[in-house]
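Written out below as structure tokens is the structure these notes cover.
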Amino acid sequence: MQNTTGERLKNKKDSSWILDNIVTIIFIVFTVVGFIVSKDVSLNYFLNELTSRLFRNAFLVLSLIIPVLAGLGLNFGIVIGAMAGQMAIAIVRYFTIGGVSGLFLCFLIALPIAALFGYFAGLLYNKTRGQEMIASLIVGYFANGIYQFLFLYTVGAIIKVNPTHPMINPSGIGVRMTVDLFPVKDGGLKYALDNIMKIPFMWAVLIVSVFILAIIVLSNNNKKKKSKKTPMYFLNVAACTIMIFISVFSIVTNNSLMQVNKVPVVTAILIIALCIFNELIMKTKLGQDFRSVGQNQHIAAVSGINVDRTRIIATVMSTVFAAWGQIVFLQNMGTLNTYNAHTQIGMFSVASLLVGGASTSKASNRHAIIGVLLFNSMFIMSPDIGKALFGNALLGEYFRTFMVYGVIGLALGLYVWKTNKKSRITLE
Amino acid sequence: MSDNLLNIKNVSKEYYGNKVLKNINIEVKKGEIHALIGENGAGKSTLMNILFGMSVIHTTGGYEGTIEIDGKEVNIKTPHEAMLHGIGMVHQEFMLIPGFTITENIKINREITNTNIISRIFGKRYENLDFKKMDKDARKALDTLDMGIEEYSTVAGLPVGHMQFIEIAREIDKTGIKILVFDEPTAVLAEAEAQNLMKAIRKLAKSGIGIIFISHRLDEIIDVADKVTILRDGEHVVTKDIKDTSAVEIAQLMVGRKVSIDRSEATARKKSDEIILSIKDLRVAMPGENVKGISLEVKKGEILGIGGLAGQGKLGIANGIMGVYPSKGEVIFNGNKLTLNNPMLSIKSGLGFVSEDRKGIGLLLDESIELNIAFTAMQINNGFLTNYGPFKLKNSKEIRKHALEMIKELDIRCTSPTQATGRLSGGNQQKVCVARALTQNPTLLFVSEPTRGIDIGAKKLVLDELLKLNEKYGMTIIMTSSELAELRSICDKIAIICEGKVEGVLSPLAPDADFGLMMSGSRKRDVVRSDS
């Protein structure tokens, strides 16, 4: 917003709260309406679905945050990270290394592959400055072509594999469409991470609520400047307290909520670790460089920051986390859908982040987690809404697609519109 | 040689066989303020690029000659190396990130960090930022400049003058800073802010920093510098002690021809008493140049000057009437009420505008000179267009003919009418802007900052051209300028704008003191009538 004389336009007061959070509000309303109109969805079913989807997707969505802060926008290119993750899984599955050790071997193998992919993607983004998002979208499609060539032809035709291996097509060339990952006890990867330790759902709610309450209260008291205790603060405290009461109540009375599926602790710890990483990295020199580059590349360059390198590091980090995220995703699914599993995750993860209230220039852990919850609520509810309103579950399915792309379009459009509105000049 | 901080010895530079610097020799001592002056294209920026190791120098074959810092020869290859050698620069356009706090801006890429476990493994970039120490350093740098502003406030929304000081604070916070380059530091500052800056520069020099001061403003150089080096066409003309020279001499040496800003009394002026433009209570929302209720009357055939300090609203008047920024009020032009906030109607009614923002709204930089000249006429008056049924095609022949006429008449120096305007020098770009406005055949022409960023030689030509238009066609001209001398050289009367209002209207022959007082707003509503 710097014009020739270096004067800055006076920003008008922040636009209304509703407008800032319109995408989030649409999704909350949609979920609530869904509960009202559909009779088949029980609270337990909903919570079962939601928790498993949260632990499946959160890691992927969190991998999008660093590029946003480094000014690269929404990295649809996490698709190539997902491919790296799938390659690692395919290798580990081929040699039937199962269990926790197999899973961590996956993480280890995926790391260099994803880092290399991320490096190339970063180089491309540096060449397509200003169009990183489109470039990331296209690089995903392009990489998909190479991926298919690799899995459909190279495996078997060039890389010698055992043609009788259950992963390989009967012809001996190419990997099968779907590859079963087997449960851990049969030497596979299914639930390798999730089943390490599980606790009842309501216990998890209790722990998380206490934890969040502690953070809110502590961070509010910690500030040097007297921060006003806003209504939002009290609302958050109240919400946490209520959740604590509900969870304690159900634990004591052992009511129906205790029937909800148990929660995978180690997966949760991994997700929280990534959240903490995202927080901590921004407090380091590198994080400050991300922010500087994200705010103004020219100034960062003049100050001696290696802008290109910083952007590449951000892309590499994002791609590696996406690879790991895809591994977490697949061990939960239990099957590797060789040619389809990765194709949608770029769109879905970006949509999730946007639903949480992020934009192309701001994103946080909070946006990612809220986004995953709301976006997947919509996913769970839409078939039932379709059935209840139109008597056809399929219409709900169409509705999903509409919502995914609609929300991306709406969020991007609103962002541009808001930026323009902020810089519009008026008399008084 | 011992007390010379910086020695530039016989430095030459070629761009593709074109010598842009020839044997430049400059010495800067500790605590010396060394002014560097020269017309645009004299080689100042090339010299500074060499000093800062900008990549543009090294990708085009490097330079000849040597640069010594503290008596040791150095070869600076990157801006980062320049920083390590203790060279700092305060940029003309601010290098500040608006969303960052002052501390973050001062410490950008020089953040103080503490090691942690991860950084021991992965390297320095993963170290934690130490905001307490950073704030302390920022505070110290700000205190050196007597800035009372809080270091944790964000830069966005600060006044321009403060931003300049934050830039300086950033440079002096660099440890071991030896040489500080100021590139046209006062270009965007109001007079009072510029005074503060001069004070700060003197203070810095006293602390032993060598200062290279690049400026177009001669009085500033006389005021602040110890020595002055004059460059002309890449050649080192002379280096003189300030006490042995004067503004007039520097100006002469710089252009190499005699310059005068003397008032040239025109003979064949056609002025009438008819009021052609009357402005009543005009308000314009132009960021940084708000107009808060101005009333003015302009007579036919007159040249009205609008002066005042930067940021007081003088630029807003023309922009408001032409519909560039939202405006409110009553403007009667040629007996008709003008519809505001509609650039098309303003142009159609016979108002021409040469904007102060040449590169922003004045020109299509990637398009040819001829198209730039014809552009507005094609859009507004359907000029230079041939109708073929429902289609309109541009008439290239007409455009070329007209462009050639204009190029000849205004003496636009270019290779051909198809040259892109972005490649022209500032003065010639300005002439293209004037040519485009003239193509409309306006009855009244607004000219804003016609000489901004133009060297002294070209300035005179632009001003003469305006005077000629007025004489030849009886065109009424309203000229807005920050340079009082240039207003006084051609205007019939000068309105001084202060805080968005007309402070008073003066005769160009009025004493300096009157102008000075009005511009600083100390003579409220004491209107001195023009007598010419």
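For all residues, glycine too, the Cβ spot is worked out from N, Cα and C.
The following features are taken from TrEMBL:
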TRANSMEM  A:17-37  transmembrane segment
TRANSMEM  A:58-82  transmembrane segment
TRANSMEM  A:102-125  transmembrane segment
TRANSMEM  A:137-159  transmembrane segment
TRANSMEM  A:201-220  transmembrane segment
TRANSMEM  A:232-251  transmembrane segment
TRANSMEM  A:263-281  transmembrane segment
TRANSMEM  A:312-333  transmembrane segment
TRANSMEM  A:339-356  transmembrane segment
TRANSMEM  A:368-386  transmembrane segment
TRANSMEM  A:398-417  transmembrane segment
CB contact flag for the transmembrane segment (A:339-356) and the transmembrane segment (A:232-251), at least three pairs under 8 A: no
Positions on the same chain near the transmembrane segment (A:312-333), where near means CB under 8 A and six or more residues out: 52, 55-57, 59-64, 66-67, 69-70, 72, 75, 77-82, 84-86, 88-89, 103, 106-107, 110-111, 113-115, 117-119, 121-123, 125-126, 181, 189-194, 267, 270, 274, 281, 286, 290, 341-342, 345
Cβ contacts the transmembrane segment (A:368-386)/the transmembrane segment (A:17-37), at least three under 8 Å, sequence gap 6 or more: yes
Top partner of the transmembrane segment (A:398-417) among A:17-37, A:58-82, A:137-159, A:232-251 - counted as Cβ pairs under 8 Å: A:17-37
